[in-house]
Amino acid sequence: MAPPGLPLWLLSTALLSLLAGSSAFLSHPRLKGRFQRDRRNIRPNIILVLTDDQDVELGSMQVMNKTRRIMEQGGAHFINAFVTTPMCCPSRSSILTGKYVHNHNTYTNNENCSSPSWQAQHESRTFAVYLNSTGYRTAFFGKYLNEYNGSYVPPGWKEWVGLLKNSRFYNYTLCRNGVKEKHGSDYSTDYLTDLITNDSVSFFRTSKKMYPHRPVLMVISHAAPHGPEDSAPQYSRLFPNASQHITPSYNYAPNPDKHWIMRYTGPMKPIHMEFTNMLQRKRLQTLMSVDDSMETIYDMLVETGELDNTYILYTADHGYHIGQFGLVKGKSMPYEFDIRVPFYVRGPNVEAGSLNPHIVLNIDLAPTILDIAGLDIPADMDGKSILKLLDSERPVNRFHLKKKLRVWRDSFLVERGKLLHKREGDKVNAQEENFLPKYQRVKDLCQRAEYQTACEQLGQKWQCVEDASGTLKLHKCKGPMRFGGGGGSRALSNLVPKYDGQSSEACSCDSGGGGDYKLGLAGRRKLFKKKYKTSYARNRSIRSVAIEVDGEIYHVGLDTVPQPRNLSKPHWPGAPEDQDDKDGGSFSGTGGLPDYSAPNPIKVTHRCYILENDTVQCDLDLYKSLQAWKDHKLHIDHEIETLQNKIKNLREVRGHLKKKRPEECDCHRISYHSQHKGRLKHKGSSLHPFRKGLQEKDKVWLLREQKRKKKLRKLLKRLQNNDTCSMPGLTCFTHDNHHWQTAPLWTLGPFCACTSANNNTYWCLRTINETHNFLFCEFATGFIEYFDLSTDPYQLMNAVNTLDRDVLNQLHVQLMELRSCKGYKQCNPRTRNMDLGLRDGGSYEQYRQFQRRKWPEMKRPSSKSLGQLWEGWEG
């Protein structure tokens with residue numbers, strides 16, 4: 001029989017061994033963290049690091065070794081990360097709300113950027129508001145929105161350190177929890193990158209000390225590498241030979257196959273190229289402080305033991321270009337260098353060192369942050385959470401070694417600006433259908449018999465002419481027009497005097513009857529006032545009229561109507577003379593007119609004249625030497641552009657003088673500003689009953705006048721500042737030796753460069769999948785671009801002419817769907833079977849039939865054999 005104390009001793013030994021094993025289990029760092037996190041039910045911390053204007057295509061991430069070690073080697077790298085708009089404030093608004101630009105209505109860096117409308121409708125629905133209401137300690141540090149003025153603290157943020165207005169590194173103002181705080185130019189206390197890094201670290205440590213069980217959300221929004229590109233002093237000597245920005249598209253200009261600003265941007269001058277080199281160098285220098293900031297935040301997470309319970313996201317609001325396609329600097333283009341951004345994620349269950357090829361967008365950040373926090377994603381957010389793309393610990397069937405590809409989007413929308421509202425006089429029911437290319441429409445018209453004769457038919461207005469290169473063109477018939485009773489004759493009969501084709505001037509008959517006649521400028525003005533009614537007289541000359549030819553609208557200036565003494569008629573050497581001049585009596589119905597003496601030839605340029613018979617004659621060298629012809633044509637184009645700018649300025653001044661005209665004194669009129677002013681007020685309307693309907697038009701007129709005055713103020717301001725760089729319709733800048741205040745300094749003097757245009761409004765479809773990699777863009781001007789990035793990764797050639805009409809039509813339909821989408825269900829098209837497409841010879845229609853979705857009712861392109869593909873299409 002065993003001693004009675006033996007079982008007790010064995011029991012105590014077993015108990016001690018179990019306690020030692022449990023202690024060893026808890027000593028393992030990973031298991032300890034997971035055990036404690038599950039026990040305490042702590043949600044993960046979230047840190048979003050956002051940079052301003054940071055590119056991927058120009059190699060900015062190559063110098064950030066600390067960030068790449070922390071985020072790329074320790075987390076997931078999304079190699080196909082894009083923004084849906086390459087503009088600061090619109091993109092940041094999309095990041096906050098998870099919506100496309102057309103759904104949060106912030107189209108530019110000025111319009112609706114931090115406006116009262118934005119504050120009321122969208123700022124109250126940012127991801128910070130949702131997380132703050134569920135217990136997160138939320139904090140924002142750095143640049144917010146371009147037009148944020150610091151007058152309030154946006155909702156959803158417990159700690160707020162927001163930068164007023166645009167990015168700066170020194171001499172800026174912060175709004176710290178509602179109190180404005182000015183900073184100077186001392187690096188140790190004022191350098192923005194270091195300041196917001198230190199503030200964010202201090203906030204995180206304090207939050208974990210005071211509220212250890214509450215998760216933290218922090219947004220650290222850096223100004224780098226945005227201008228003015230002021231680097232920290234210790235980095236001002238780095239990268240003297242930076243050349244990552246010199247890509248195949250660098251200084252690739254002009255580009256006649258691209259949209260307007262690209263066509264008129266020439267190669268850069270040497271001073272511009274030197275500026276791009278220094279700009280790239282200074283941008284990289286500013287990013288070194290961001291690199292240090294990432295290391296500081298990482299070390300803080302390690303010290304506090306929160307690294308394994310924190311998601312870190314690193315990205316930018318959009319990309320940048322430096323010298324690409326001849327553009328000295330800037331953003332706002334739909335190309336890869338402006339829409340691709342860095343995108344890294346590190347956190348729990350994220351596979352370290354992984355590359356993810358799925359498309360992620362800036363509108364995915366808000367849904368992802370909500371998903372990480374365990375919150376439901378609102379249905380009005382257009383983006384979707386990428387958390388399921390990161391989870392590496394979900395169980396996988398061991399009998400299926402090859403993972404099934406996740407269903408994800410393959411296309412997205414890139415948009416900039418908005419389409420201006422049409423005038424009331426424009427077409428209201430404009431068909432949403434595509435047109436054939438212009439050359440095809442002209443070719444079809446030239447097949448008709450009425451356009452194949454050389455202006456010989458009665459009432460013929462156009463003729464088809466084949467130029468030296470074999471291209472068919474529609475030319476307006478010169479000489480007197482023979483109206484055949486069409487509507488066009490009635491429309492012009494009120495403006496064109498019905499005289500003989502040899503003279504549109506009034507006959508000044510002497511008492512003797514048949515002499516020559518001449519009529520000076522003053523006489524012609526009197527005749528015009530006498531012959532025409534007041535309703536047809538205008539103070540401003542009519543610029544153009546729209547002439548319709550078989551359903552096609554051609555805008556033709558009235559000065560091109562064949563009238564004698566018209567100095568703007570086109571002329572080609574060797575063109576046949578009109579044979580209809582001798583038969584002019586039938587046109588006017590007034591019989592023949594006596595002959596008159598014609599004026600002498602008019603000298604237009606130093607090499608070209610307008611002869612007595614209204615024809616243009618130039619030196620023979622221009623018809624023989626191609627180089628001489630080009631040089632003279634460029635000279636004429638320059639003169640025309642100069643005169644147009646001068647005319648525009650004169651019209652602005654004329655409008656100003658009309659508004660500031662002094663009133664004439666009427667001694668018999670009772671002064672309105674008298675002591676009986678109140679008794680003189682009319683209780684009813686003073687307008688004539690026939691004039692009451694014009695009140696709405698008067699309001700429109702007042703709005704136009706306000707715009708006119710605004711333009712005039714800008715013009716006067718430019719003149720006062722001696723600003724010769726600004727050009728109408730272009731966004732230009734002047735750089736000089738005083739722009740950069742920190743080393744390295746610019747010493748090569750001032751220069752001017754233009755970076756964008758007012759008509760640079762577009763909507764693009766970007767698609768990446770196993771069979772396609774393209775960019776399809778429609779511009780507000782009607783221009784279309786298509787780039788196949790599989791064969792042209794730098795988008796050097798517009799390949800829209802290689803597409804069939806059916807493919808163009810399908811691309812247009814898909815783009816229109818995305819332009820009107822709302823919510824993640826509509827805004828995330830995906831392919832159900834990526835193996836189907838053009839690889840096996842199938843059509844694009846077969847490829848798209850797997851992406852059919854239910855969309856709101858909208859006008860679809862018609863299936864006409866001929867006609868426009870869509871309104872505004874330009875081949």
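Note that the numbers count up from 1, one per residue, in the order the chain is shown.
From the backbone N, Cα and C atoms, a Cβ is placed for every residue, glycine too.
Of the listed candidates (Cys88, Cys89), Swiss-Prot assigns Cys88 to the same Ca(2+) site as Asp52, Asp53, Asp317, His318. Here the candidates are the binding-site residues Asp52, Asp53, Asp317. The one whose C-alpha lies nearest to that of Asn613 (N-linked glycosylation site) is Asp53. On the 0 to 100 pLDDT scale, the region 'Catalytic domain' (1-415) averages 89 in the predicted structure.
You'll find the Cα of His318 (Ca(2+) binding site) roughly 7 Å from the Cα of Cys88 (active site, nucleophile). Under 8 Å, Cβ to Cβ, and six or more positions away along its own chain, Asp53 (Ca(2+) binding site) finds Cys88, Pro225, His226, Gly227, Ala316, Asp317, His318, Gly319, Tyr320, Lys331. Here the Cα atom of Asn198 (N-linked glycosylation site) is found 42 Å from that of Asn769 (N-linked glycosylation site).
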